[in-house]
Amino acid sequence: MLVLGIESSCDETGLALYDTERGLLAHALHSQIAMHREYGGVVPELASRDHIRRALPLLEEVLERSGAARGDIDAIAYTQGPGLAGALLVGASIANSLAMAWNKPTIGIHHLEGHLLSPLLVDEPPPFPFVALLVSGGHTQLMRVTDVGVYETLGETLDDAAGEAFDKTAKLLGLGYPGGPEVSRLAEFGTPGAVVLPRPMLHSGDLDFSFSGLKTAVLTHVKKLGGNVCEQAKADLARGFVDAAVEVLAVKSLAALKKTKLKRLVVAGGVGANRQLREALSSAAQKRGFAVHYPDLSLCTDNGAMIALAGALRMQRWPAQATDDYAFTVKPRWDLGSLGA
């Protein structure tokens, strides 16, 4: 079965073709970072308009790369939510319009389920069950993943997501957009231990997170430094922030493995591309004897490949979830725990 995936939940337009026998055939992605940079964040109206411009050229690109023809496609999967309402509507409209023209079924996919399953796109995918650390700009959760559609929330952020804390720290340090990668890059030049920041809820005894206090600690430190902060002071603060965030994420992930008695950890979402986090978890895996799996770096960000994969896996298990009536809704807010099989 060949599935076309369309992702448009925020500021990336992604299309991909996934075959249930041959795997990922091709994926193409357009990022809107350059367009939103001058505003310091995503402008929803601009994001929606750009999705409209980019989707069909990206479709032609994945068809050319894969060698597939439009008639070879068996179904179309699209991101139904959560995300920006206008951006979701663009992707859903394009998916259902193509499906109507080609007489193909469609299936709406939860954006976070796509991230959860994205490590299955590697050459040696992790078998179920596993613990997943889902860490991105809008979400920070630990999940027990028993199978496709069988997800249990073990812990989640009580306030800000880790990615939000990265972005806020970048703004406080006067860094560019997007902030997360900029903070991580600057932290590479920081002196370990020069700035020690709190590790919120590190010893709370549960698997929940909190990053608002860490953001406040960064703000307090910036105010103490005053104006005209030198680059080394910025780098030291960035290093202190990254060290604190990574330690909390790693310690909670290890606790989730211990609680569930599982030996496999999957890391997904944009913050999962962070080098320091990967090194910390990989080091712990070697010492403690568990396996840790990541998607390819190119698939940590939002992408169509994960949507195509999730659509294919769901249609294999539950063909009735696909529809050919081309009536659709989008869900800007959608709890992953309510998804089910």
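Cβ from N, Cα, C; glycine included.
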Query raised in the report: Swiss-Prot records His111, His115 as Fe cation-binding residues. Which of Asp296, Asp302, Asp324 is assigned to the same site?
Result: Asp302
Report summary line: Joining Leu134, Val135, Ser136, Gly137, Gly138, Asp167, Gly180 at the substrate site recorded in Swiss-Prot, out of Asn274, Asn303, is Asn274
Requested in this report: Starting from the Cβ of His111 (Fe cation binding site), draw a 10 Å sphere and report how many other Cβ atoms land inside it.
Outcome: 27
Query - Tertiary neighbours of Asp167 (substrate binding site) (same chain, Cβ under 8 Å, six or more apart) - result: Gly137, Pro178, Gly179, Gly180
Query raised in the report: Just checking the binding-site residues His111, His115, Asp302: which sit within 10 A of Leu134 (substrate binding site), CA to CA?
Result: His115
Query raised in the report: Do you know offhand how many angstrom separate Asn274 (substrate binding site) and His111 (Fe cation binding site) by C-alpha?
Result: 20
**Report entry** Cα-to-Cα gap, Asp302 (Fe cation binding site) vs Val135 (substrate binding site), nearest whole Å
**Finding:** 12
Requested in this report: Please find, for Leu134, Val135, Ser136, Gly137, Gly138, Asp167, Gly180, Asn274 as listed binding substrate, the greatest distance between any two Cα atoms, in Å.
Outcome: 17
